[in-house]
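What follows is one structure encoded as structure tokens, with my remarks underneath.
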């Protein structure tokens, strides 16, 4: 028992493996950590430099050069590593990063730049002053006033090494600490002013003003008597410009569940059909290889038999029962289905479904299998898909039959009205209509969360806090384990059965104590933890949008990291030491705290250098993405292949920024207590800045939609935590300083720092009160400026369009209709088949609703009347002929661009631009500015409609084969039911029987492509 108690005691004292005891961090331990980090960095960075120039690696390291729409593409980096690094430094964050990657990416980099701006002057000034003051005539291992000290290693550079005889030196610490607070507060103010400037430019830009999100407000917790168009129009109709549209949200959970089931069966059917076609291709190739010497026999054997003149009756469409699936199989065999020439029925994919009346029993583990029956996957999924498609289509035709969820989207005619509505008190009840959100992208809405009432949200908040506390405790156990690792040398001397640890080589012991604890901790804290917290914020707490969920994750993840990486390592070690010494010698408590609190910084020397080297190298090598893409990223269906090849990796703001915020907090706290920390801050943030800038330029996206950089003010607010902890620690340390007579030597410094602490709090309150309203909302005076910018932009586009049209007529006097086909923006307005009444539609300016109820009702009637027609247009597949014309039109400029950008490797870059997925993405019309006003209005009219109502039935996409089996499967599926959409164009097998695609999915629509821009 005494051994266990010793282990626990040692572990608590070194919680999280941080405080290395009173002896400090030795140079050996630090050197081992530095060597391990450098080896890891050099290995991964070398691999990156070698493989990044190969064509197969371009999807990992340069997807933003060819796998994003044209307006977001950036010039590929140079192959030469020195020129690549120079290019990364040379590219300006504004306007290049801001224009290509968006506000979130820009302020992500801006945050790292701000940290460098903060710590660079601090390091230049503080390190040369404080380190000599701490080292010269310090305590070290000397005996002063009858007290023998044992301060060694890196501790000699810290606060605790100042001799009692030189306590007046702490005035330098005070002055520099006040300078740190003043400098950091000044930088916070400057950066927030810059953020507001860029935010105002962003929300007033012509492109943003055209978005539905700029003028649409989500209102939740609406009272039942106000949750209708007339009441809401009466409430908000007097705002400037009036209301344009109102969408009353309803609870479509029933349809959504059917849609999830439909997608599940679609995926099963695609996989089963693809596996069937692959088996056919294997048998066919094997037969052809065996019969290569006798081509006549081979052709006779493979050739399909003549179909009988009278075909058996096609089985009727009905419920997907086992009997119906058996009839489908018999029909295929009787009609000589193409697959039957190569495979027996037993070779087809099967699945298990519950027997009648045993649905619940079939879900029981182990014994549930006895309550299921085996069935053919393809036949069953065809019938289930047809049934669900039909049911969802019927259900979607009567949306008013579903209950309201007491929320609505209200679109105003002006941005000013939308922002005013968000800041106005709407109802007399305390919680009714209190939650109002603006600047919401339709593609970012978490629709199930709209069904939550305010009571449900409060209950979920309590549940979230409870689960978060459990997570905090559970991951704290990992800190206990890393604490044991960091103190194995101490435990070997105090615990008999651990004495064998003392026989380990010194370098191995240093590696275990100095390197392993932070590595284990970071792997755990950066791996499963953000996934779990994101799940809690989005599902348990019910975030309304993805961006709201990311900002919530940013807050709670930062709190978690602050506790696990700072509070436990720094505070718990000192406090437990106090308790122990208080029992033995109560008068020694001040000396214990004054010595142990600064030495807790020693852990971060190893921690930060490991993170700076290992995480930056892992991030730039894209290790996880590389492993997923080429090792475990097996995909089977054309849809999954297209998604894999066209997907650009995401770096989540909510799970990345908290790490850098925590690092900055640690740097601020120890800036004057352990000045050497500032040098590690410079190394850490310099490496991260280079890596993150490279990644946001060439590799990753910061989210599915741009959040406008709203995380940036939150991160700055969280950095105030570092100032507060620094001031609190300094107040305590000043009062604990003793002179040679064991009297308080720095009471004046402590009082001054307490005053600074209060002033810092008042400053943050003042800063937030004055600037916070501008973080999110647009000023009223911005309306006139925005209108002027929009008019100017529209005039420039009209002028450019006329010049382009005139020049194209001179160069190529083609017929007018053909020219319209080449222009992606004109396709919608010239498609008379999909919109027969286009000529009768009044101009857009005549349909602008005012603040009068009759105008709003007319708009509502027009939208309702044309809903089916609008959705038919928007969800129509991309026209392949038009895309081929556009591809030919863009071929010349693309080739010229390639030769201009990278003449050194023109062949590689040409292959990148010739990539079929790149061509498809290049043809996407994702700029609202390029759309005609009529088309923009159509998009917006359905933008905030529930996705399950506006989406079409998914298309089953299967690959073609050489034997015609795929064509036969498509024909038979269509014969079974017209409610199942299936196609095989644009997908095929390669020589290794892997699925390849050279076109977009058949059900990809222009509306789906432009949703993120709305």
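Positions of Cβ are set from backbone N, Cα and C atoms, glycine also.
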Transmembrane segment per TrEMBL - which of 107-131, 132-156, 207-231:
107-131
Quick one: sort out which of 555-579, 630-654, 780-804, 805-829 is the transmembrane segment according to TrEMBL.
555-579
Per-state residue totals over the domain '10TM putative phosphate transporter extracellular tail' (929-1003) - DSSP helix, strand, coil:
29 helix, 12 strand, 34 coil
For the domain '10TM putative phosphate transporter extracellular tail' (929-1003), what's the model's average pLDDT?
89
Using Cβ atoms and a strict cutoff of less than 8 Å, what residues sit near the transmembrane segment (107-131) while being 6 or more residues removed from its termini?
93, 97, 157, 172-173, 176, 179-180, 183-184, 187, 191, 194-195, 198, 653, 656-657, 660, 663-664, 667, 671-672, 675-676, 678-679, 681-682, 685-686, 688-689, 692-693, 696, 702, 709, 711-712, 715
